[in-house]
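The structure under discussion appears below in the form of structure tokens.
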Amino acid sequence: MNNKNTDYLINSIQDNYGVSSTVNGFDAGAAVKKIVSFLKHALVETGKKGYVLGISGGVDSTCAGRLSAIAVDELNSECGENTYHFYAVRLPYGVQADESDVDLAMLFINPTEDLSINIKDSTDSMHQSVVFALGGGFSESKEDFNKGNVKARARMMAQYEIAGLTDTLVVGTDHRSEYITGFFTKWGDGACDIAPLSHLNKRKVRAIAQYLCAPEQLFNKVPTADLEDGKPQVADEVALQLSYNEIDDVLEGNMANVSQKARARIAEIYSNTKHKRKPPMQLKR
């Protein structure tokens with residue numbers, strides 16, 4: 001990709017998804033009030049009885065989880081009844097390597113309900129059935145990658161069943177830094193009813209988590225999707241070949257800190273994942 005195309009795509013990112021700069025500070029307290037108000041209003045407007053969210057032990061779900069719990073607690077306090085509930089869900093595939101982080105996150109979030117659903121059997125069954133139906137013959141890496149997406153979708157499927165049974169809404173954890181790089185699974189973690197972090201970049205999510213007094217172990221944790229069996233606990237930044245600081249600086253317009261190589265990589269990923277940011281293709285009348 002030449003520099004002209006790179007610059008065009010970077011400008012497109014900033015025009016469509018840019019966020020305010022943190023160079024002169026970020027008012028995390030004001031952001032918390034705005035998000036909690038948004039979450040409360042959504043429940044009142046829809047008539048739903050609370051929220052459900054999968055908790056991974058990372059900063060994004062920890063932050064979104066605590067904000068959801070605050071919103072539910074405030075609504076219950078205002079109405080004088082325990083009408084609203086927040087269901088925080090552990091969704092391990094077998095044994096989760098960082099389970100202690102999930103325990104820590106749950107203590108911090110303090111949800112109405114702490115649930116656990118192991119997705120291993122359902123994921124393995126679906127994956128094996130599909131591979132068998134297609135006759136096999138796929139490379140190990142291709143199978144592993146696609147099975148990882150089955151894991152993400154199985155987790156979301158579980159959350160939506162909980163939501164349907166409890167008359168609640170599913171909370172998403174994606175933010176701008178993941179959105180512009182397409183670092184989410186279509187109809188997996190990219191699916192939700194409400195996305196309270198979608199206007200923020202990664203460093204602002206971390207700042208909010210720190211403001212809320214989340215354990216430092218969680219808000220400074222190295223982010224990982226941890227979907228592939230053959231590549232456990234691979235850091236997001238390794239998979240992306242970019243740092244979140246570089247992505248966030250582009251979103252904030254702080255281009256002096258971003259190398260030409262990083263700009264080209266961000267532009268490349270943004271272009272290659274554009275289908276993830278669009279609705280399904282349809283014929284026009």
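Going from the start of the chain as shown, residues are counted 1 onward.
Cβ atoms here come from the backbone N, Cα and C positions, even for glycine.
For 32-280, the entry in TrEMBL reads domain 'NAD/GMP synthase'.
Look at TrEMBL and you will find Gly54, Ile55, Ser56, Gly57, Gly58, Val59, Asp60, Ser61, Thr173, Lys202, Thr224 tagged as ATP binding site. Under the DSSP three-state reduction, Asp60 (ATP binding site) is assigned to helix.
For Asp60 (ATP binding site), the Cβ neighbour count at a 10 Å cut-off comes to 22, with all displayed protein chains included. As annotated by TrEMBL, Mg(2+) binding site applies to Asp60, Glu178.
The deamido-NAD(+) binding site feature in TrEMBL is assigned to Arg153, Lys186, Asp193, His275, Lys276. If you take the C-beta of Asp193 (deamido-NAD(+) binding site) and look for same-chain residues 6 or more apart in sequence within under 8 angstroms, you find Ala163, Leu169, Val170, Val171, Gly172. Taken residue by residue with DSSP, Asp193 (deamido-NAD(+) binding site) is part of neither helix nor strand, so it is coil.
Largest Cα-Cα distance over the residues recorded as binding ATP, namely Gly54, Ile55, Ser56, Gly57, Gly58, Val59, Asp60, Ser61, Thr173, Lys202, Thr224, equals 19 Å. Under the DSSP three-state reduction, Gly54 (ATP binding site) is assigned to strand.
Neighbours of Lys186 (deamido-NAD(+) binding site), defined as other CB atoms within 10 A of its CB across all chains, total 14. Separating the Cα atoms of Gly54 (ATP binding site) and Arg153 (deamido-NAD(+) binding site) is a whole-number distance of 12 Å.
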